[in-house]
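Trainee: One structure is given below, represented as structure tokens, and several questions about it will come after.
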Amino acid sequence: MSTMLLHGEMKSHNENLLTAVIPLMKLLSLTVIGLVLAHPKRQILPRATFKLLSKLVFALFLPCLIFTKLGQTMTFENFILWWFIPVNVLISTIIGCILGYLVAIVCRPPPQFFRLTIIMTGFGNTGNLLIAIVGSVCHSQNNPFGANCKGNGVAYVSFAQWVSVILVYTLVYHMMEPPMEYYEVVEEGVGNNEGPSGSDISRPLLIEAEWPGIEDKETEHSKTPFIARTFNSILGASQTTLPAFDSTTDVGGNSPMSIRCLAEPKMVRRIRIVAEQTPIRHILQPPTIASLLAIIVGIVPQLKDFFFGYDAPLSFLTDSLEILAGAMVPSVMLVLGGMLAEGPNDSKLGIKTTIGISVARLLLLPLLGIGIIVLAGKLNILVHDDQMFKFVLLLQYTTPSAILLGAIASLRGYAVCEASALLFWQHIFAIFSLTMYIIIYFRLLPYI
């Protein structure tokens, strides 16, 4: 009897191990295929093909997947019930930024990369990579999450995406601003350091992997220390440090006192100018629009019955979108392989800081995430008896830095090579850290 029990436990342990490892092996295989196809020496597929594939993912495959899965799963009750998913993204980002600040203090990167260290540690990939992991885990018939594994998993991931997008296009955008004290150096070499132009076919795939057409989003002030120049004028900086349009909008010195009294306060005016330069309009990208449409359709029963169901009038449309959505996971991993094939760029960040960021992001943050999710379970704020819900929450602490950070770095002209190198090494190390933590999560989920 004891021998049979021991054999059963070992078999169960091996099954859990295989269930956790095999999905990542599938993703790794797709990534390796993309790497081989894009290898610089062979170039079976040119880089332009991978850029086109990334645009298809961004504008077609991912929105189709989000709409079909989130719209089908979403209800008004679920909208209220899932409130902790976006909150968890905020918590993971705050903790990650704190870890990044500690890494910056301990590892002492070059001063101009202090903010980059915080950003690259704090902001993880909560979109494409999570959907790929969920899709691969659910591809097995013996997955531990039930028959509706993929639908629920993609819905949970998609429900959190809008928070990450808002953070990137507001907070990250301004934190990636070139440091004021080093801007003169950057300005002198801007023609040589920023790499190829946006229309050049040799532009790194990393820059456009999650934001195709980024070169069209550049503005007059996107590559300048705009905030520093604007607010330094309040502290007595010379007028030459103000943005070019600053003097044209101010009330002239010869204006009557009555008009001057009605003028906008300087601090309020500077905040308004910075807000106007924040690219909040870019939030409405195809994946975000698909998420909003899915939520609206899902919470309105009449609309949902029109799109989803065997006898729905537009079921042929949702079926067509679902066929397109099936290409999302393999396409994302092929693009990731193409990105890794380009190799790491030369980085001035230093090995010590690179290792520090990778350890904090891939090893320490998931440990803290386990504690937070266990505490949330004790406080009864998680969805009961939904292991996929908990699994997605845990994964939000486990992924490497968001690839979109490389695009923002390019847009701002700040630490492009350093961001590229960090993303390369983190995704290499994540092969091992993700495998280890997914095995741990599968063992812990029954007890959370």
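From the backbone N, Cα and C atoms, a Cβ is placed for every residue, glycine too.
Any TrEMBL annotation is an automated prediction that lacks curation.
Look at TrEMBL and you will find 20-38, 50-68, 80-106, 113-134, 154-173, 283-303, 323-341, 362-383, 389-411, 423-444 tagged as transmembrane segment.
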Trainee: Test of understanding: applying the rule of at least three C-beta pairs under 8 Å (pairs 6 or more apart in sequence), is the transmembrane segment (423-444) touching the transmembrane segment (50-68)?
Mentor: no
Trainee: Near the transmembrane segment (113-134), which residues from the same chain, at least 6 beyond its ends, have a CB less than 8 A from one of its CBs?
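Mentor: Result: 23-24, 27, 57, 62, 65, 89, 92-94, 96-101, 103-104, 107, 149-150, 153-154, 157-158, 160-161, 164, 167-168, 172, 175-176, 179, 210, 287, 328-329, 332-333, 336, 348-349, 353, 356-357, 360-361, 365, 388, 392, 395-403, 405, 409, 414-415, 418-419, 422, 434, 438.
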Trainee: Under 8 Å for C-beta pairs, could you tell me which stretch among 20-38, 80-106, 154-173, 323-341 has the largest tally with the transmembrane segment (423-444)?
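Mentor: Stretch with the highest Cβ contact count: 20-38.
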Trainee: Could you give the residue numbers and ranges of same-chain residues that sit at least 6 residues beyond the transmembrane segment (20-38) on either side and whose C-beta is under 8 angstroms from one of its C-beta atoms?
Mentor: 44-45, 47, 50, 132-133, 136-137, 139-140, 205, 329-330, 333-338, 340-342, 431, 434-435, 438-439, 441-442
